[in-house]
Amino acid sequence: MSGTRASNDRPPSAGGVKRGRLQHEAATTGSRVTVVLGAQWGDEGKGKVVDLLATDADVVSRCQGGNNAGHTVVVDGKEYDFHLLPSGIINPKAVSFIGNGVVVHLPGLFEEAEKNEKKGLKDWEKRLVISDRAHLVFDFHQAVDGLQEVQRQAQEGKNIGTTRKGIGPAYSSKAARTGLRICDLLSDFDEFSSRFKNLARQHQSMFPSLEVDVEGQLKRLKGFAERIRPMVRDGVYFMYEALHGPPKKILVEGANAALLDIDFGTYPFVTSSNCTVGGVCTGLGIPPQNIGEVYGVVKAYTTRVGIGAFPTEQINEIGDLLQSRGHEWGVTTGRKRRCGWLDLMILRYAHMVNGFTALALTKLDILDALDEIKVGVAYKLGGKRIPYFPANQEILQKVEVEYETLPGWKADTTGARKWEDLPPQAQSYIRFVENHVGVAVKWVGVGKSRDSMIQLF
């Protein structure tokens, strides 16, 4: 037996500690993040839910997207609009973190901050941390975004309906491994300048009409570099410290929504990032075991901006009523949102992908004026129910929606502050959603302000 080890022997663990205990500790130590995600096509009211949870959070994070997102938060009668900044930046006690999965347009970041400063936002620079691995969006990315939309319209007679914020082109540069990151900007500026010029030339070769003021943009970027330098950290280490140091409440604010996810959304009419729960891990550099609560935010009806399949859309007086009562214009684009009945197939699909632990049902008050309310409960193809959400857009356009009709409540719910204040028919509507999706509703929104979110448990 000399020089050999019996088959049931194991090499000693470091320090003689039993391997099983190490594995257990590795799997269970650390805080867990609370995630807020959109469950439809965006504009569900995620910012309001985040604002509610951010009041006692220590860290509020963004993990994907860019300034194509739009979150509105009302505090003390003041309406703040956020696109790139986490809406938790309002909390003076919390650190706001922009993770590596976010693409950052620096001029847009400072413009957004300055607009909100005029409304009362203070000392945001002291509370903002930006991952050094986050990719940059340049002005020419935004110009290319617009040129691509024009091309698509000319070639196919339709466009994707992007926000023209350069998000898709920036993620394309990232995937092509030609993109530039925050850490590159803060390192050797001569090297950064060389790579920036090459990237600009690449885009000009693809789009001959593209004009790029290379020297002007580099001058601006050099100025921005010094402004953001104090905010930049190694993002992975920052999150590791937050998770494994003294216990902290960490909140993740998802941008966009499940049906806009690059993989699971209604492709190609989607955004360019993963806005489902998997994007939290890749966009912040954290392991799955540190995901805790996952809250899905759902509007009490359905809206969508731009083109693409929308099975429950109401192109009639119902759609017009929802649009006008709900003030359905995009925060980022100002575009009118398409409106329709609540679609439970979408919610069940979003739950399959995200594993929601609870839902927030927002804008219930918009339904106050309706005599009856329809809810899409199933899709049919060829007269037969299908148990899945179709990936193919042409098929999704053809589905027949099976509806159930519920009685309206014809009463003002905006003053409700607890479950008992809601009309019985409104309570039945909420329970109907819970039963069909299989997830409990934790909050019900009946207005814009922070105190108009009714907590059920």
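Note that Cβ sites are derived from N, Cα and C of the backbone, with glycine treated the same way.
Counting every protein chain shown, the number of other Cβ atoms lying within 10 Å of the Cβ of Asp43 (active site, proton acceptor) is 28. Positions annotated as active site, proton acceptor by Swiss-Prot: Asp43.
When secondary structure is read from DSSP and collapsed to three states, His71 (active site, proton donor) falls in the strand class. Residues or ranges marked as active site, proton donor in Swiss-Prot (evidence: sequence analysis): His71.
The feature GTP binding site is assigned by Swiss-Prot to 42-48, 70-72, Arg337, 363-365, 445-448, with sequence analysis given as support. If you draw a 10 Å sphere around the CB of Val446 (GTP binding site), it holds 25 other CB atoms from the protein chains shown. In the three-state DSSP classification, Val446 (GTP binding site) falls within coil.
When other Cβ atoms within 10 Å of the Cβ of Gly70 (IMP binding site) are tallied across all protein chains shown, the result is 21. Here Swiss-Prot flags Asp43, Glu44, Gly45, Lys46, Asn68, Ala69, Gly70, His71, Thr163, Arg177, Asn256, Thr271, Arg335 as IMP binding site, drawing on sequence analysis.
Residues annotated as substrate binding site in Swiss-Prot: Asp43, Val331, Thr332, Thr333, Gly334, Arg335, Lys336, Arg337.
Marked as Mg(2+) binding site by Swiss-Prot on the basis of sequence analysis: Asp43, Gly70.
The annotation region 'Disordered' is assigned in Swiss-Prot to 1-25.
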Ten-angstrom check, please: count other Cβ atoms within 10 Å of the Cβ of Arg335 (IMP binding site), all chains counted. 13
Distance between Arg337 (substrate binding site) and Thr163 (IMP binding site) at the Cα atoms, whole Å? 13
How far is it from Arg335 (IMP binding site) to Asp43 (active site, proton acceptor), counting Cα to Cα, in Å? 12
Max CA to CA distance in Å over the IMP-binding set Asp43, Glu44, Gly45, Lys46, Asn68, Ala69, Gly70, His71, Thr163, Arg177, Asn256, Thr271, Arg335? 34
For Gly45 (GTP binding site), the spatially nearest of the recorded positions Asn68, Gly70, His71, Thr163, Lys336, using Cα atoms, is His71
Which of the recorded positions Asp43, Lys336, Leu364, Val446 has its Cα nearest to the Cα of Asn256 (IMP binding site)? Asp43
Between the binding-site residues Asn68, Thr72, Gly334, which lies closest to Asp43 (active site, proton acceptor), Cα to Cα? Thr72
